[in-house]
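Notes for the one structure printed next.
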Amino acid sequence: MGWLAIAFSKEAWSLYLGRLSLGFGTAVFNYVGPVYVADITPKNLRGGFSSLVQAITICSISVAYFVGSITYWRTLALIDVIPCLIPVLCLFFVPESPRWLAKNGRDNEFKTSLQCLRGMSADISQEAAEIQDYTQNLQRSSEDKILDVFSSKYAHSVIVGVGLMLLQQLGGYKGFAYYANSIFYLAGFPSTIGIIAVAVTQIVMNILGILLIDSSGRRPLLMVSVVGTFFGCFLTGVSFLLQDLHSLEKITPFIALIGILMYVGFYSLGMSGIPWIIMSEIFPVNIKGSAGSLCNLVNWFCSWVVSYTFNFLLEWSSAGTFFIFSGISGLAIIFILKLVPETKGRTLEEIQASMTRGAR
């Protein structure tokens with residue numbers, strides 16, 4: 001509906017209406033998608049499947065940028081209707097989340113859905129028993145109120161979820177993504193070549209992240225990612241600082257290119273997708289809706305803040321802008337070291353129990 005409103009718009013208000021519709025749809029899909037994938041996949045494959053969702057998202061954005069650079073914007077809007085229609089048709093064949101069915105007491109449908117997902121010849125008795133036992137214990141100890149998300153019992157989970165969403169967006173990725181042309185122009189590097197290099201780097205590093213996440217674990221990959229974004233932003237800031245000082249002017253565009261590619265590459269390796277994966281894993285089913293919505297709200301609000309302020313920051317100080325984002329990546333390093341748990345190879349029930357154990 002949003003893309004159609006944009007494609008056939010005659011006035012500005014229909015563009016706003018279409019963008020608002022896209023905002024609602026994207027916000028819901030970006031949260032429900034990772035949660036659903038985490039709900040249905042076995043623990044040994046959950047990281048890879050969840051990373052694949054995020055990787056496809058990033059790669060699709062890169063493709064959209066490329067198509068948008070060679071087509072008229074109304075044509076692009078009509079093309080974008082097609083990938084919106086495909087999920088509508090496919091969802092008729094997608095089983096409901098077994099954990100959601102268990103939470104709502106629909107035991108027969110729960111077992112049917114789990115059996116369908118694991119294969120008709122698979123033995124699901126142990127996994128089904130673990131999910132049902134955990135869900136029943138959780139419901140006996142909680143009244144399932146929205147305000148439960150702010151109770152001390154779930155403080156660790158909420159701090160990790162909200163903190164990762166804050167740091168993911170405030171680290172500046174949307175500025176790099178939305179204003180790549182401006183950054184390359186200011187750096188004195190050809191924007192077309194730069195954007196193609198960024199798109200290729202994102203795709204390659206996303207694929208690498210998928211291959212590594214279930215072997216290396218979430219936390220180490222996240223650490224490597226934020227260390228890389230720290231140095232990428234710092235190097236980009238140094239290039240603009242040298243430019244302001246009229247020093248090494250012949251090589252500053254290439255320093256900027258290296259810094260930008262380092263940032264987007266390492267961001268794509270882990271920080272782009274792993275916060276969504278961890279967020280989908282750490283919240284028990286009774287607060288998953290409210291806690292996940294809070295994380296989603298924080299994520300998109302911070303995305304808007306960066307998108308809105310990025311141009312103003314560049315006008316204030318190009319070098320200072322990237323040093324600020326580098327500092328936020330530095331804070332992310334400390335946050336991950338101190339608070340973020342490793343979730344690799346554990347069931348959702350084990351992860352959630354460990355994060356609430358000992359809390360009242």
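Every residue gets a Cβ built from N, Cα and C, even glycine.
Noted in TrEMBL for the protein shown:
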| type | residues | note |
| --- | --- | --- |
| DOMAIN | 1-344 | domain 'Major facilitator superfamily (MFS) profile' |
| TRANSMEM | 20-37 | transmembrane segment |
| TRANSMEM | 49-67 | transmembrane segment |
| TRANSMEM | 73-94 | transmembrane segment |
| TRANSMEM | 154-171 | transmembrane segment |
| TRANSMEM | 183-213 | transmembrane segment |
| TRANSMEM | 220-242 | transmembrane segment |
| TRANSMEM | 254-279 | transmembrane segment |
| TRANSMEM | 291-310 | transmembrane segment |
| TRANSMEM | 316-337 | transmembrane segment |
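Note on the domain 'Major facilitator superfamily (MFS) profile' (1-344): its mean pLDDT in the predicted model is 88. For the transmembrane segment (154-171), the residues of the chain that approach it from at least six positions outside its boundaries are 148, 226, 229, 233, 267, 271-272, 275, 278-279, 282-284, 287, 291-292, 294-296, 298-299, 302-303, 305-306, 325, 328-329, 331-332, 335, 339-341, 352, 355-356, 359, judged by C-beta separation under 8 angstroms. For the transmembrane segment (254-279), same-chain residues at least 6 beyond its ends with a Cβ under 8 Å from one of its own Cβ atoms are 30, 34, 38, 46-47, 50-51, 53-55, 57-58, 160-161, 164-165, 167-168, 171-173, 176, 180, 183-184, 187-189, 194, 197-198, 201-202, 204-206, 208-209, 212-213, 218, 221-222, 224-229, 231-240, 242, 248, 292, 295, 322, 332, 340, 343. Only residues 6 or more beyond the boundaries of the transmembrane segment (291-310), in the same chain, are considered here, and those with a CB under 8 A from a CB of the stretch are 23, 27, 30-31, 35, 149, 154, 157-158, 161-162, 164-166, 168-170, 172-175, 178-179, 279-280, 283, 321.
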